[in-house]
Amino acid sequence: MAAAEAPRLAGMVVALQANFLEVELETFNPSSLVSWRRSTDAEPLRLLCTRRTRLDHRGAAVHVGDRVWVEAIDWQERRAVVGDVEPRQSWINRPPVANVTAVVVALAVKQPCFDADQASRFLLSAEQTGVDVHLILTKRDLITSDQLEQQLVRLRGWGYRPMAVSVQTGEGLGALKNKLSSTRLAVFCGPSGVGKTSLLNQLLPQLSLRVGAVSGRLQRGRHTTRHVELFRLCEGSLVADTPGFNRPELPADPRKLAVLFPEFDGQIEDYPCRFRDCFHRDEPGCGVDKSWERYPIYKRFLEEMECLSRSSRGGSGSGLL
């Protein structure tokens, strides 16, 4: 008679600690836990895990957000081994997070000052993921209601529906939490110093994440979050705080740049231009309206890609790859 197969449980990787993985179980049998207490039954169980060497042999890297199967479970020590990884539904490279369902781009209205170029870089990075993109304006209390309305109208012109929040007054936090509760895994990103960590501390009062100050000279925040970790917002909804950085990279393929700008929606779907590979600059027969605010930013990004393309080819040739 064959030996009984060792039990396996499904979970999600919520943090990486050196060579260990922290896995939050999706389902488990409380009666199997020797040290489990009913006082903690409101919190999902997390196990500290290593990983099977066969995953390395298969080249199966494991990252935060991955759905995994754990085995060889030691309930008393709350340890286990990750034996297998489920296929990913989505993937973000920077920071590395799997199975993201929404990206929340956080931008400050002030301190640091709103920078349209920098904001566009973060939004383009978010659009590349192919998941829902939400735009949040932080530090709403630092500007007047009229100034805020002007900024909201401006960003609606970019094709977004921004939400304004204030950690100091609590304004907008309830609406933001309701929005995030409908998504499985939301990643927060944005420049350092815009208040992502402070915002998460308000959304998740049980946390105590370190908060960094904003440097006065450059108006850039000192990085506070050093690693990616998932936190439970409510049943079925997780959020991730990610290391802040000030200048995300532009997309690798310039031909895909236009579709990452919502302002192009409806303009290029039916190919109004004479040439299907039109870059919407000065090409003959271009049918795209160029009167929108971020069009100069779009052109600058294309020029930057052109310079990078030439550099990668040793300075020879012209045009975009």
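Using the three backbone atoms N, Cα and C, a Cβ is placed for every residue, glycine included.
The average pLDDT for the domain 'CP-type G' (89-248) in the predicted structure is 84. As annotated by Swiss-Prot, domain 'CP-type G' applies to 89-248, with the evidence given as sequence analysis.
Look at K196 (GTP binding site): DSSP puts it in a helix. Annotation comment: Swiss-Prot describes T138, K139, R140, D141, G190, P191, S192, G193, V194, G195, K196, T197, S198 as GTP binding site, evidence class sequence analysis.
In the shown protein chains, 16 other C-beta atoms lie within 10 A of the C-beta of C286 (Zn(2+) binding site). The annotation Zn(2+) binding site is assigned in Swiss-Prot to C273, C278, H280, C286.
Neighbour list (H280 (Zn(2+) binding site), Cβ cut-off 8 Å, at least 6 residues apart, same chain): A258, F264, I268, C273, C286, V288, K290, Y298. The residues near the Zn(2+) site, meaning same-chain residues not in C273, C278, H280, C286 whose C-beta sits within 8 angstroms of the mean position of the site's C-beta atoms, are I268, P272, R274, F275, F279, R281, E283, G285, G287, V288, in sequence order.
Comparing R140 (GTP binding site) with C278 (Zn(2+) binding site), their Cα atoms are 40 Å apart once rounded.
Applying an 8 A CB threshold to same-chain residues 6+ apart, the list for T138 (GTP binding site) reads A106, L107, A108, V109, V165, S166, V167, V194, G195, K196, L199.
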